[in-house]
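Visitor: Pulled from TrEMBL, these are the listed features:
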- 2-90: domain 'ABC transporter' (DOMAIN)
- 119-183: domain 'ABC transporter family G' (DOMAIN)
- 254-462: domain 'ABC-2 type transporter transmembrane' (DOMAIN)
- 272-293: transmembrane segment (TRANSMEM)
- 305-326: transmembrane segment (TRANSMEM)
- 347-370: transmembrane segment (TRANSMEM)
- 382-403: transmembrane segment (TRANSMEM)
- 410-433: transmembrane segment (TRANSMEM)
- 531-552: transmembrane segment (TRANSMEM)
Amino acid sequence: MQDDLLFPMLTVEETLMFSAEFRLPRSVSKSKKKARVQGLIDQLGLRNAAKTVIGDEGHRGVSGGERRRVSIGIDIIHDPILLFLDEPTSGLDSTSALMVVKVLQRIAETGSIVIMSIHQPSSRILGLIDRLIILSQGRTLYSGSPSNLPQFFSDFGHPIPNNENPSEFALDLIRELEGTSSGTQILFEFNKSWKVSSMDDNGGDDTISNRRCTLPLKDAIAKSISRGKLVSGGNGANHSSSVPSFANPFYIELMVLSKRLLTNSRRMPAKFAVRLGTITVTGIVLATMFWQLDDSPAGVQERLGCISISIATIFFNCITEVPTFIQERYIFMRETAYNAYRRSSYVLARSLTHIPLLFNLSVTLSLITFWTVGLAGGVPGFLFFFVTILASFWAGSSFAAFISGLIPDVFLAFVSGIAIVSYFLFLCGFLVARDRLPKYWLWFHYISLVKYPYEAILQNEFLDPTKCFVLGVQLFDQSALATLPAPVKSELLESLGRVVGRNITRSTCLTTGKDILKQQGIVELSKWKCVWVTVAWGFFFRILFYLTLLFGSKNKRK
């Protein structure tokens with residue numbers, strides 16, 4: 001590919017070694033892979049930069065020419081028979097471009113066929129090319145050795161001036177012809193007749209040479225393998241259909257991908273630090289706002305608010321993962337385009353490498369908030385709270401992965417993710433109870449990722465039958481009667497009891513935890529079922545992420 005798509009925090013040597021792990025079969029030993037990488041580093045002229053990270057806008061790394069040579073290196077690590085490069089000199093200065101083409105010339109000298117597209121090569125680069133094809137609107141205007149260009153254009157009636165770059169002259173002339181009414185038709189016809197006359201002048205040698213060089217694909221592959229090519233794990237008798245689609249089994253790909261993802265992320269600790277810092281600050285804010293809540297009616301409302309804010313923070317925090325895959329998206333597309341590894345291996349590796357991060361975030365939020373806020377359940381309650389928080393991080397991370405796979409633009413994916421999480425919060429049952437939601441929004445209530453962990457923690461909080469959350473004397477606390485004297489409140493309670501046929505005193509329990517759950521509409525699933533549903537949502541979005549990679553990450557020109 002024309003673009004240099006590399007992991008920024010891997011060194012040159014590590015980048016090539018990971019490529020060797022992907023592209024070379026298991027039959028090639030580890031020592032041979034290392035030897036191949038070291039030999040390729042010397043071949044590419046990267047010995048001085050071998051231990052330097054690739055770098056990006058925020059991290060100083062190798063130069064542009066070195067990056068391009070590394071990009072070439074990861075595509076030739078398996079010593080291919082045919083190498084096709086899309087403008088390998090694009091964006092480089094003349095010296096770096098010349099060095100890249102010299103590297104390609106050395107690769108061709110090892111027995112590979114190197115084909116590249118190039119725009120306006122310098123005269124020095126032109127002298128390194130064996131065969132040149134000039135195209136205009138899909139038609140061949142010249143095909144042959146670059147050394148024959150002066151003779152070709154001289155016979156055409158437009159001799160190349162002395163000391164002028166033949167390629168620049170050719171492109172300028174073709175551009176002029178494209179602006180005429182007949183276009184490049186005259187040059188196209190002249191090229192065909194000139195080729196025939198040149199073959200006649202050479203006594204048919206070119207025809208004999210071309211016939212001699214034409215081999216069936218199977219024989220050409222066998223001949224290249226016999227010269228030491230690594231493209232096949234078998235002998236030269238094998239034809240192309242016997243070469244496996246992937247060089248390594250699934251578990252090898254999984255281990256190599258996991259190692260690379262962990263290595264790259266470990267060298268970018270700022271991303272983890274920001275997420276951990278956000279969770280820590282949120283936990284501290286919640287702890288100080290809702291310090292040691294009581295079991296009063298006001299305390300109940302504050303518990304509901306604290307729990308909903310905690311769950312919402314988790315999902316908003318997970319949306320920050322969206323840019324991570326989008327930045328790797330084109331690397332993934334490049335590598336899977338030539339079957340370096342399976343898409344399923346990549347999805348599973350990303351999932352596994354995220355688990356330690358999610359575990360740390362869950363522990364941090366749970367430790368800061370549970371005991372300080374005064375949530376119920378003791379140690380068993382804390383463990384359930386932690387498991388629910390971890391399940392929420394898992395579901396949120398999976399949802400973020402799906403969004404990043406579905407929408408390739410960072411800004412659109414980020415905005416879409418935040419908007420959808422906001423809708424999850426609106427319709428989870430906290431702001432408006434499920435029974436009061438309009439019927440046409442009930443479907444969104446049931447697919448809300450916030451709903452299930454929210455309900456699980458509420459049940460963990462309010463299922464204790466020994467706790468009371470509204471006593472008789474507290475009945476007036478959230479009304480205009482809260483300022484009445486205590487004797488008056490007692491008389492009102494006695495009068496109310498006579499009306500309903502029940503003895504109601506200041507200490508009578510009027511609302512239990514189950515009553516609060518019924519008020520919130522939480523009567524369908526148990527707390528553990530809510531946790532399992534949350535975990536299942538995580539797996540569901542991982543599967544959707546895989547499908548978006550399978551069908552939506554094709555490297556096609558539009």
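Just so it is clear, glycine is given a Cβ too, placed from its N, Cα and C backbone atoms.
Give me the structural setting of these features: burial, nearby parts and distances.
Guide: In the predicted model, the domain 'ABC transporter family G' (119-183) shows an average pLDDT of 86.
With a cut-off of 8 Å between Cβ atoms, the residues of this chain six or more beyond the transmembrane segment (305-326) that come close are 271, 274-275, 278-279, 282, 286, 289-290, 293, 332, 350, 354, 361, 365, 369, 373, 389, 392-393, 395-397, 399-401, 403-405, 408-410, 413-414, 417-418, 421, 424-425, 428, 430, 449-450, 453-454, 457-458, 461.
Same-chain neighbours of the transmembrane segment (347-370): 253-254, 257-258, 261-262, 265, 272, 275-276, 279-280, 282-284, 286-287, 306, 310, 313-314, 317, 321, 325, 381-382, 385-386, 389-390, 393-394, 397-398, 401, 542, 545-546, 549, counting only residues six or more beyond its ends whose CB sits under 8 Å from a CB of the stretch.
Under 8 Å from some Cβ of the transmembrane segment (410-433) lie the Cβ atoms of residues 304-305, 308, 311-312, 315-316, 319, 322-323, 326-327, 396, 399-400, 403-404, 441, 444-445, 448-451, 454-455, 519-522, all in the same chain and six or more residues away from its ends.
For the transmembrane segment (531-552), the residues of the chain that approach it from at least six positions outside its boundaries are 332, 336, 343-344, 346-347, 351, 384, 387-388, 391-392, 394-395, 397-399, 401-402, 405-406, 449, 452-453, 456, 525, judged by C-beta separation under 8 angstroms.
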Visitor: Of the residues in the domain 'ABC transporter family G' (119-183), how many are helix, strand and coil by DSSP?
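Guide: Final tally across the stretch: 28 helix, 11 strand, 26 coil.
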